[in-house]
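Per TrEMBL, ATP binding site is recorded for Gly95, Glu96, Pro97, Gly98, Ile99, Gly100, Lys101, Ser102. Here TrEMBL flags 66-214 as domain 'RecA family profile 1'. Here TrEMBL flags 350-447 as region 'Lon-protease-like'. Taken from TrEMBL, the feature motif 'RadA KNRFG motif' covers 251-255.
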Amino acid sequence: MGRNKTVYVCSECGASFPTWSGRCSSCGSWNTLIEESVSRKKIQKSDRKALTHRPKPIKQAREEVHYRRISTGIKTLDEALGGGIVTGQVILVSGEPGIGKSTLLLQISSNISKERKVLYITGEESAHQVYLRAERIGALSDNLLVLAETDLELIIDAINQEKPDFIVLDSVQTVYSSQLESAAGSVSQVREVSGRITEIAKSFNISTIIVGQVTKEGSIAGPKVLEHIVDTVAQFEGERGHAYRVLKIIKNRFGAAGEMAVFSMGDRGLQEVMNPSSLFLSERPVGESGSVIFPYTEGSKPVLIEIQALVSKTVYAVPQRKAQGIDINRLSIITAILEKEANIFLKDRDIFVNVVGGMYIKEPALDLPLALAVVSSYRDIPVFEKLAAFGEVGLTGEIRSVHYTEHRIKEAKRFGFERILVPASSDIDEEGVIKVRNIKEAIKMIE
């Protein structure tokens with residue numbers, strides 16, 4: 001008979017320990033060990049499974065199952081996923097509360113239910129609440145089934161009974177298994193729920209989307225094994241006060257990672273944006289300093305985004321450095337480079353930076369337009385309206401090459417940009433392409 005024992009599980013990485021400590025020795029996180037009671041089952045020899053699949057040459061390892069792709073009804077999302085959702089694919093969608101995850105998934109469910117049976121499982125809302133939202137966005141369908149349940153065993157019974165072609169589980173942190181004593185949302189529960197749902201999806205070839213909550217740092221709540229279990233990890237980003245949302249594909253076993261789809265929030269739900277560049281540039285001020293266009297690339301699709309900077313004389317003993325949409329540490333580095341390599345003294349200036357549209361950018365190609373925006377605002381000199389820039393700035397002020405140079409230039413020229421500042425190492429020689437070796441040369445181009 002199974003015996004229960006107490007273990008301490010890290011809520012960040014899922015590692016377990018026999019005793020509590022303030023710091024997880026596996027991932028280094030502090031105060032993340034949670035007490036859980038687990039059942040110990042003694043494995044008998046008869047419980048061991050026989051080897052049914054033997055090793056074979058890799059050339060013979062062709063998948064016997066024929067995968068088909070299901071359209072989400074949203075063209076840009078299908079493209080980001082590699083052509084649609086594969087049958088049996090398990091997708092993890094994460095994002096902050098209230099950003100629009102449930103609305104988007106309800107729209108996808110409605111589109112798919114036109115041809116297939118869909119089961120929408122909610123652990124956060126009642127069935128009536130889901131109905132009200134579906135009515136508001138026009139997502140009512142006879143083939144769309146709603147189940148408000150948090151018991152995993154009852155959910156599995158419903159799946160076996162209804163045999164849907166597509167499942168949405170919103171969210172994995174609200175569902176619990178009665179076979180475990182820990183509370184819903186704990187590391188062991190999240191691991192158990194996601195594992196069993198994935199097993200069912202693979203066994204019956206059911207395409208599945210699982211919603212995952214995020215921590216205050218923006219990472220997916222629960223053990224890292226959750227991201228390894230699923231086939232695709234998608235992150236839904238955007239500021240609540242902005243109308244734009246971006247779905248980024250972080251991992252994809254059935255397509256290219258790094259792709260994205262842009263949406264705008266309206267009264268009828270989320271609407272796909274077919275041309276994000278024109279949307280982000282539509283309200284750009286003309287003749288104002290501190291504004292530079294950056295050809296941003298997420299995956300294979302470039303998007304033109306406006307980078308804004310405001311530099312003003314400080315009234316504080318320590319000048320302020322505020323950034324929205326970029327890492328504040330990156331701003332500090334660029335500021336130090338400008339002071340050392342370009343003789344632009346900012347020690348008595350407040351600097352505020354914003355990425356228009358509520359997007360968050362991590363790629364190093366942002367360095368050059370960020371530096372130019374700061375210089376433009378500092379000197380109060382507007383940058384030429386038809387100028388775009390991209391490139392990584394090294395600590396000695398050199399401009400380093402970045403990926404997808406040709407894609408970025410092509411997108412900028414498509415919108416009529418006449419001057420494009422690129423790293424000198426680029427092998428593209430076209431009209432309007434200006435190569436710069438260091439930050440000093442780049443600054444001269446905007447003077």
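For all residues, glycine too, the Cβ spot is worked out from N, Cα and C.
Same-chain residues that are not part of Gly95, Glu96, Pro97, Gly98, Ile99, Gly100, Lys101, Ser102 yet have a Cβ within 8 Å of the Cβ center of the ATP site turn out to be Phe236. Summarised by DSSP class, the composition of the domain 'RecA family profile 1' (66-214) is 61 helix, 34 strand, 54 coil.
Around Ser102 (ATP binding site), the same-chain residues at least 6 positions away in sequence with a Cβ under 8 Å from its Cβ are Thr122, Glu124, Glu125, Arg133, Asp170, Val211. A sphere of 10 angstroms centred on the C-beta of Gly98 (ATP binding site) encloses 9 other C-beta atoms.
In the region 'Lon-protease-like' (350-447), the DSSP tally of helix, strand and coil residues is 32 helix, 24 strand, 42 coil. Long-range Cβ proximity for Pro97 (ATP binding site), meaning a same-chain Cβ under 8 A and a gap of 6 or more residues, is found for Gln213.
For the domain 'RecA family profile 1' (66-214), the model's average pLDDT works out to 93. Proximity of Gly95 (ATP binding site) to non-local residues of its own chain (separation of 6 or more, Cβ distance below 8 Å) is seen for Lys101, Val214, Gln235, Phe236, Glu237, given in sequence order.
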